[in-house]
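Structure first, then comments.
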Amino acid sequence: MNLQAPLEPVLVDPLPRRGTVAVDVGGVLVGGAAPVVVQSMTNTDTADVDGTVRQVADLARAGSEIVRITVDRDEAAAAVPRIRERLDRLGVTVPLVGDFHYIGHKLLADHPACAAALAKYRINPGNVGFKDKKDRQFVEIVEMAIRHDKPVRIGVNWGSLDQELLTRLMDANSALASPLPARDVMREAIVQSALHSAALAEETGLARERIILSAKVSNVQDLIAVYRDLSRRTDHCIHLGLTEAGMGSKGIVASAAAMGILLQEGIGDTIRVSLTPEPGGDRTREVQVAQEILQTMGFRQFIPIVAACPGCGRTTSTLFQQLAETIQTDIRTNMPLWRERYPGVEAMTVAVMGCIVNGPGESKHADIGISLPGTAEVPSAPVYMDGVKVATLRGARIAEDFHEMVRQYIDRRFGRPAALAGTAAAE
Ligand code: SF4
């Protein structure tokens, strides 16, 4: 083995996906050979049209490809068509999914404009009704989906798991000579609830390519076990998500750990990261995290990645942290415009490194990178583009100069020729 040979970059295979039946959600294809779709959910009162339009638009601009809204009462259902119209007028075409619990069958029947405006209905089989009403009301929602030609997501959640099913399985388990642990029975009940409901929807007449399944729990190991089992037992399209993931780093780490393992196994056609926002926090954070999970694993590209070293005792100034943050913020702010103007820019990598130890090497691997001077190093910063050293920055304006070089690099490499840009603008 030649240890001197340069390392080839590690390329992740384009996701060895489990074969699932593709579902069209308002023009967005989920499952089959489609890329894993990022979705999110609002936390506004849907009856508040202004607030909901604003948040849906923010989520869509952040990159959410499907947005779910709560439809919990008449006022919310009545607001849905107005929300759809307002979004269309703003040019925000993101499909809206209605989240129904308990009275979904009634709301959809009483508000046909709502049923028509939504691109998908989410049904929780544990929350559609009790005893003989349960299947009847579930079927009523499915019939509504058939009438309006909409897909449904059958979204099982362990916090509202069908208690009759769970009790039946627990009773059967305790009658066994060697009963399984209660946790295993709970996992089985979640999977059975999803599969039974999907079978009932198909018996009612809903096509298989109109059904998405999810089976959310809040524990990482349970989630992995449940989704592995679900995906082994059906080829239905799969919505992946850890429910009640939590706040801040806890929610991000738990979601990334659980979904990362499943996505790597090819399980999951669409993901939602259920973060609890800080009070007054930005709801679009969940979209950003979902994108970062997919991009860091090499499955999709949404935004240029800024690679920055963590810093250590070799760098005592905060220059490289500030520069990395400025570049990251600049990219995120400009991305909606750059997506149009610079096709392919989302695959770019920028390195901002703190000293000479790893700085030049990491910078060479990035499309554009800078190695800032560490403590006691000569106050100069070599800049690399496409693996080649192109400049050495010095003086008090290193950060500003590098920032400008990044912008020029993007324009030169990803900008369309003026004639082409002019044609597009005139179209
Ligand atoms: S590149 Fe330099 S400053 Fe950054 S972590 Fe490595 S040794 Fe420390």
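Using the three backbone atoms N, Cα and C, a Cβ is placed for every residue, glycine included.
Keep in mind that TrEMBL annotations are predicted by a computer and have not been checked by a curator.
What TrEMBL lists as domain 'IspG TIM-barrel' is 20-291.
Mean pLDDT across the domain 'IspG C-terminal' (306-407) comes to 90 in this model. Residues or ranges marked as domain 'IspG C-terminal' by TrEMBL: 306-407.
Around C309 ([4Fe-4S] cluster binding site), the same-chain residues six or more apart in sequence whose CB sits under 8 Å from its CB are F320, V352, M353, G354, C355, N358, G359, E362, listed in sequence order. Sequence annotations record features per position, and here TrEMBL assigns [4Fe-4S] cluster binding site to C309, C312, C355, E362.
Looking at C312, C355, the binding-site residues in this record, the fewest other C-beta atoms within 10 angstroms of the C-beta turn up around C312. Those residues of the chain, other than C309, C312, C355, E362, with a C-beta within 8 angstroms of the mean position of the [4Fe-4S] cluster site C-beta atoms are P310, G311, R314, T315, F320, M353, G354, V357, N358, G359, G374.
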